[in-house]
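Here TrEMBL flags 9-44, 46-82, 86-122 as domain 'EGF-like'. What TrEMBL lists as disulfide bond is C13-C23, C34-C43, C72-C81, C112-C121. Residues or ranges marked as transmembrane segment by TrEMBL: 134-157.
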Amino acid sequence: MGGELCELEVNECSSSPCGYGTCKDLLADYQCDCHPGYTGRDCKEELDNCLEFSCVNGGTCMDKGGAHTCSCPRGYVGKRCQCETEIDECEFRPCLNGATCLDRLNHFQCVCVLGFSGRVCEDNREEHTERIPWLVVTIPLTTLCVLVAILVVFCMVMTARKKRQSEGTYSPSSQEVAGARLEMGSVLKVPPEERLI
């Protein structure tokens with residue numbers, strides 16, 4: 001209010017107090033109607049629209065003056081990156097060693113030439129097979145040698161035990177093993193007859 005008797009209405013909007021909004025003059029006051037993306041009494045505080053809005057599928061929210069947009073990763077489109085787009089995954093030639101690339105929905109498939117394998121045909125099967133025969137021969141041969149050595153040691157131990165049993169001091173069992181027999185001839189001899197004179 002202005003004037004001597006406060007009869008004049010002062011326009012509080014004349015000083016442009018609303019930064020990003022429209023000023024509405026009231027009686028001894030003003031009110032700001034903020035533009036989208038701004039808040040506060042004077043519409044000078046920027047809203048972070050990304051706090052209330054989220055992008056999906058790895059998209060990044062970008063606040064642009066009261067509006068928001070999503071920066072979508074490769075393969076997605078839409079306001080929130082919600083839609084998939086078909087991408088030619090074979091465009092960058094991911095398959096190696098002369099393989100053929102087949103574009104599929106959201107992935108690719110490599111058809112390897114003879115002698116190669118792996119997801120992108122990176123493994124040379126011929127290199128692997130050159131090393132395998134050596135192992136195939138070495139491992140069983142080593143195992144067989146160890147088993148033969150164990151068998152030889154076992155046989156030597158058993159032979160030594162048998163020799164110990166039959167050698168040394170008198171043992172009836174060793175006599176039985178050797179097959180010794182007592183001669184009964186001297187025991188059975190009839191004593192000479194006695195003669196009377």
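Heads up, the Cβ atoms here are built off N, Cα and C, so glycines get one too.
Look at C72 (disulfide bond): DSSP puts it in coil.
Looking only at other Cβ atoms within 10 Å, the busiest spot among the disulfide-bonded residues C13, C81 turns out to be C81. Averaged over the domain 'EGF-like' (9-44), the predicted model has a pLDDT of 87.
Ranked by Cα separation from C112 (disulfide bond), the disulfide-bonded residues C13, C34, C43, C72 are led by C72. For C121 (disulfide bond), the same-chain residues that are 6 or more apart in sequence and have a Cβ closer than 8 Å to its Cβ are C95, L96, N97, G98, A99, C110, C112, V113.
Sequence-distant contacts of C43 (disulfide bond), defined by Cβ-Cβ distance under 8 angstroms and a gap of at least six in the same chain, are C18, G19, Y20, G21, C32, D33, C34, H35. Each residue in the domain 'EGF-like' (46-82) gets a DSSP state, and the totals come to 3 helix, 13 strand, 21 coil. Counting every protein chain shown, the number of other Cβ atoms lying within 10 Å of the Cβ of C23 (disulfide bond) is 19. Look at the domain 'EGF-like' (86-122): DSSP puts its residues at 4 helix, 12 strand, 21 coil.
Neighbour count (other Cβ atoms within 10 Å of the Cβ, all protein chains): 20 for C34 (disulfide bond).
Packing around C112 (disulfide bond) is summarised by its Cβ count: 20 other Cβ atoms lie within 10 angstroms of its Cβ, all protein chains included.
Within 10 Å of the Cβ of C72 (disulfide bond) there are 21 other Cβ atoms, across all protein chains. When the alpha carbons of C13 (disulfide bond) and C72 (disulfide bond) are compared, the span between them is 42 angstrom.
The two recorded residues C23 (disulfide bond) and C81 (disulfide bond) have their Cα atoms spaced 37 Å from each other.
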